[in-house]
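S.K.: Below is one structure. I have some questions about it.
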Amino acid sequence: MEELGDIVQEFLVESHENLDQLDRDLVALEQEPGSRELLSSIFRTIHTIKGTSGFLAFNRLERVTHVGENLLARLRDGTQVMTPETTNTLLRMVDVVRTLLTTIEETSAEGEVDVDGVIEAVTACIEGGSPAAPAAKAEPAAKAESAAKAEPAAKAEPAPAAKAEPAPVAEPAPAVEVGTVPAPVAPAAAAEEDHAGAEPGVGQTRRSIAESSIRVDVDLLDKLMNLVGELVLTRNQMLRAVTASSDPALARTGQRLNLITSELQESVMKTRMQAIDHLWSKLPRVVRDLSSSVGKQVRLAMEGRETELDRSLLEAVKDPLTHLVRNAVDHGIESPADRRAAGKPAEGVLTLRAYHEGGHVIVEVADDGKGIDPARIAEVAIKRGLLTRDQVAHMERREILNLVFKAGFSTAEKVTNVSGRGVGMDVVKTNIERIGGAVDVESTLGEGTTWRLTIPLTLAIIQALTVECGTERYAIPQVAVHELVYLDGQNGRVIEHAMGAQVYRLRGKLLPLVRLDETLGLPDSSGDRDVYVAVLQAEGRKFGLVVDRVLNTEEVVVKALSSRFKEIGMYAGATLLGDGRVALILDVPSLARRAHLNVGAVDRAQAEIDATKGGNDNVDRLLIAGVGERRVAIPLDMVTRLEEFPLERFERVGAREVVQYRDQILPVLRLAQLLGVYSDTEQAASVPVVVYTERGRSVALAVDRIVDIVEDVVGAQRDFGDDGLMGSAVIQARVTELLDVRRAIMAADPRFDAEGVDTDGGLDLDPTMMVGA
Amino acid sequence: MASRQYATFEVADQLFGLEVAMVQEVLSFHEYTPVPLAPRSVGGLFNLRGQVIAAVDLRVQLGLQPRDFEGPAMNVIVRTPDESVSLLVDRIGEVVELDDETFEPPPDTLTGPSRELITGAFKLDGRLMLALDTGRAVQTSIGSAVED
């Protein structure tokens, strides 16, 4: 057997799980020797392993389990009574079974693992009716023998495993610990190790986990976490004071304190972290079972399984993730016949991907299936009366796709017992939002769908936007913030009223507004001018929160709020700001619910606007950038993020300029060079950059300054045929050149087109993109 | 003869007392974060060594006008089963040892919101000390006796 077949894989996963249970059962049995229930459960487990091992021709395994089964049968039927020695013998048998399974996992064969010793012991147990004499002998024998015999027997890779396994033999009690603590590692390794012996260290790792870890109360960790949060704040205050003073010794001490605190914070956070693999390890099985029951061929690929996140979050992500995976197998990936007809390999690929990005963990579930058709979604939405045809006509592709998160929404042609009942996606969304995360879907028809979960690293520390309203500051979880708009009361940047509801025209679409002062029952502090609108999203709806000032984005330590404030419903918690003051964290979903109250009025007003526009859809949203004296317009759809890089970040690779950005190397295209103008940034300390990303590949377009984001009907174009330009138009009463992003990018990265970049594809507007005015 | 220790404090010139065992600490603090939409009796939140503590305005609990937060206010921090809560008071008094003999149930003439908060009165030399029911004193949920 060169490679493990599916059946063997499954057998290993199942058996490892069963063995952990067996360890617990056996120890419990010792406390409760007469328990028929426990005995039957143990008997069944061993019986199952025996049956399967016979079928798979693992003879040693079969022989061991066979005698074990005999002994268990006698115990179960009451022919023999349970003694500590019987327990020892049974535990020893379980360990040998485990060793065999590990060896099978690593080498695809049973190897030379010695089983005769244990068979003898078990047989002795049966025949002797367990007198006390062999007991004394058996115990040291067990230790010596399994260690000694297993070693020479399995000289090569299996050696560490074989050595590690007999550890619990001597004392039955720790067996439980060993069984439960490394459990996440064991089935994981069993499930995913495709090639035999790929990781000879597996056994070693398991031993070290069992021996070098202790159990700690989560409450204690929480307390540590709190204290560290406090220390961080104190450190910040301290550093401020140190900066003010001019004592160099104090400054050095402050610097050290700074470093140590950061490291301490990181370490304490790590204590609560677990690899996402802990969750993923259950999925190969889910995928396998499901795909075979729906007649599909699915290969599961995993990237970034070592990505860690907070334990409590891991728990919260479990169900949504499983649901997405099931959904992808059931609805995303087509049947082998359909796939072949579409010119794809019969086997579909489901990719799980986890990585860190901007203080969050991103988990993607991507399939290469048929994709989601926005037109179909729109149709269903209209048919169900969720939206009117008019509304749909003015929705962005992305918004339409996000309709799938609405309750009761399913486009599945037939309902299966797996999914398609319209329950699920909304639950996924609710669950993820509850822990301060977000869900998003991107899909290309015929090519596949990617579900993306944005999860905070930990519940205890979140990225938050601090805003001011009245005299107080409030924190808004950053994950809900899409963009910020400053309303100066001029040039259309005004609050408008639509039948009592306050709205703002965000790029031509009415954004319902919620005034924070009004919502919190505070005196009207801000008026309609000189305010900021934080564009937030929750529960599938965008709305704007009007605040007086936007202060900062910072990491804040979330403190639970006294239960006495729960009924207010507006606060998700409290936090301590840099100066030690308490600030309330706003609960975005509750604010969103307020916004919903006005939805009717806003929708009607939107319909009116659309009607007067005469269905002119040629409105483009453009990012206006200044390059030298010239103004260049870049279609906003193609922009993923605006950044400002300090000059030293620009490096050279060959003839090209690059920057390192989020673990990628971004090719830089200086628009000034493309346009052949003199750039004023050549001496500047930092350069504004427009980041364009597609399928994980990004290009940085360096400009002199970001001027504005406008919305315009780009009709009056005249083509002067410059390279990389589509032509020019009058925008905001000034001649502005329209950038042909694709051609411009090709100049920077000729490979960019190699994978057929679809420039019409909807792109992720990063939630943290700032749109200044 | 049984005796107990009470921590005393004044609100609107009336002397109140809490059993010392209930009191975590006493401190003066001046920056409170208001909680909009919370019951009137919530004076605000403050940071006690990294813990967010809710301060309950005892004046409001007793049916008086809320305190104005100019300058520092005295906090009597009491332990409750769920959390530590601060009671905002005017002045801190001393810790006194009182005999159970000097205790009497609340006088019948005592009515209004304060009646609910008081378990009885101790007759001190020349003045009365009202013993507070901690549980009720820190209760601020909407619908409690103090809501207008």
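Positions of Cβ are set from backbone N, Cα and C atoms, glycine also.
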S.K.: Tell me which of A:187-207, A:292-312 corresponds to the region 'Disordered' entry in TrEMBL.
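M.R.: Result: A:187-207 is the stretch TrEMBL calls region 'Disordered'.
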S.K.: Between the candidate ranges A:131-172, A:677-718, where does TrEMBL place the region 'Disordered' annotation?
M.R.: A:131-172
S.K.: In sequence order, which same-chain residues at least six apart have a C-beta under 8 angstroms from A:His47 (phosphohistidine)?
M.R.: A:Thr65, A:Glu69
S.K.: Mean pLDDT over the domain 'Histidine kinase' (A:215-459): what is the value?
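M.R.: Taking every residue of the domain 'Histidine kinase' (A:215-459) together, the mean pLDDT is 82.
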S.K.: Using DSSP and three states only, what is A:His47 (phosphohistidine)?
M.R.: helix
S.K.: Run through the domain 'CheW-like' (A:461-597) and tell me, per DSSP, how many residues are helix, strand and coil.
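M.R.: Counts, helix then strand then coil: 22 helix, 75 strand, 40 coil.
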